[in-house]
Structures are given as structure tokens and as C-alpha cells.
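Chemist: My questions all concern the structure below.
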């Protein structure tokens, strides 16, 4: 069953991310006798990843069928929680990696630093309003999911607005992940004192955001499908899975370089 596979794989991935974040924290404490701002942001991202996985587990724990799921308020509640947390969790890990890059690449060009600061600001300006919009569009939480998610159900949810905002946010997040893949590669490859082999290894370590880019790009399609076509349990399952992969891949990609310090 798709639901069982989604939940099981999600917990495996979340556990792996948790182990890496714990290892990151222990390493920073042992080596630097404390945590930096980027570490606290990563811990917050990890906590939200756990909230996401618990919500998706409860979503499939409702044991609803294709015919009844989208009329259920409880099902809609967990969908909206997953939706909002699915955007907020990667936000903090992306900002964490940006702060790490600013510290590690402290001698890089001022233009590149300004680009990083710009992406941090845009991440906040785009992702935070998206999550706020999800929960405030109906005035109260109860009104938000009281009628379920069926297209024919009376609802205060503005699907066109949510669709446009979700797609815009998803596309921007994919662009951010691509930027966080390309920038380190450009900087490292310009370091002449390193051998080509050493530079290639460093690029591979810092460029793990490439996998997050792939996950973010795939999410764009499933967000589009959820709000464009008639909703189905299969589409929901795919979106839940892709968002889980994105959340955890961003956490892992932003933490591995810390475990292999420059």
C-alpha cells in the first residue's frame, strides 16, 4: 500500500537526518565548545521535519478510503499541517547553509556575499507568508478544514491563490537550491592553491544541494497536480513523499559539509 510505504520510508529518512544533525551538534560542541546560529536553525529544521513526519503518519492513520478521505476534516487538517511545515522546515536548513557559506567563504567577493544575503531575505519573504496564508485564509483553524478538501465541498479556501503561492514558492526554493549548488562550486574551483582532485572533492561535498534541487523541482510538479487535477490519494501520497524527501535531503546536504569541515 502506498500509504504504508510513504510513512515507512519517511521515518527512515527522518531518522537518518536526525542522526546526522545530532552528529553535527556533537562535533561542533567538541571542536568549538558551542553551537553557532546555523546549528540552532538546523535543529529547528530537524524538529519541524519530525512534526512533518508525525503529521503524515497521522494522516494515513485515519484509515480513510479514496471516496471518504477528501470529505474528512481530520484528513484536511493533517494535509494543511504537512503543507505548511513542508515549506517551513527546508526554509531554516537553507538559511543555515547560507550562514555556513558566509562564514566558510568569508574571503569571497562581496557580490557573492550579497547574493547569499539576498537569498536569505527572499527565503523569508516568500516561504513565511506562504505558511501564514495557509492557516489564516479562513479566519480560524476550524473553518480551514471543517469541510474537508473535496472540490464540491463549501469552503473558504481560495484554491487559485493557494496554488499560485505554492507554485511560486516551490519554484523559488528549487532556484535557491540550485544557487547553493553552483556558488560553492564556483568559489572552490577558483582556489588555485588546491589540486584539481582536492577541489573536486570539496565541490562534491559542498554541492550536495544538487539533490535538494532535484527534489524541489519534482515537488513543483506535484504541487501543480494537486491543485490542478481532481485530488486523489495517489497524488497526495506522491506529494507527501516528495516533500519529505526535500525536507530531509536539504537537512542532510546542509549538514554533511559541517561533518567534513574545511
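Cβ coordinates are placed from backbone N, Cα and C, and glycine is handled just like the others.
Automatic prediction, not curation, is the source of TrEMBL annotations.
Worth saying up front: this structure is predicted, and the values here are computed from it rather than measured.
For reference, TrEMBL lists these features for the protein:
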DOMAIN    24-262  domain 'Rhodopsin'
TRANSMEM  6-27  transmembrane segment
TRANSMEM  39-58  transmembrane segment
TRANSMEM  78-102  transmembrane segment
TRANSMEM  114-135  transmembrane segment
TRANSMEM  171-191  transmembrane segment
TRANSMEM  203-224  transmembrane segment
TRANSMEM  236-260  transmembrane segment
Chemist: Same chain only, please: residues at least 6 beyond the ends of the transmembrane segment (78-102) with a C-beta under 8 Å from a C-beta of the stretch. Say none if there are none.
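Modeler: 36-39, 41-42, 44-45, 48-49, 51-52, 55-56, 58-59, 62, 113, 116-117, 119-120, 123-124, 127-128, 130-131, 134-135, 144-145, 149, 166, 169, 173, 176-177, 180, 183-184, 206, 209, 212, 236, 240, 243-244, 246-247, 250-251, 253-254, 257-258.
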Chemist: Any contact between the transmembrane segment (236-260) and the transmembrane segment (114-135), i.e. 3 or more CB pairs below 8 Å with pairs at least 6 residues apart?
Modeler: no
Chemist: Same chain, outside the transmembrane segment (171-191) by at least 6, Cβ under 8 Å from its Cβ: which residues?
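Modeler: Residues 87, 90, 94, 97-98, 101, 105, 108, 112, 115-116, 119, 122-123, 126-127, 199, 202-203, 206-210, 212-213, 216-217, 219-220, 246, 250 contact the transmembrane segment (171-191) from elsewhere in the chain.
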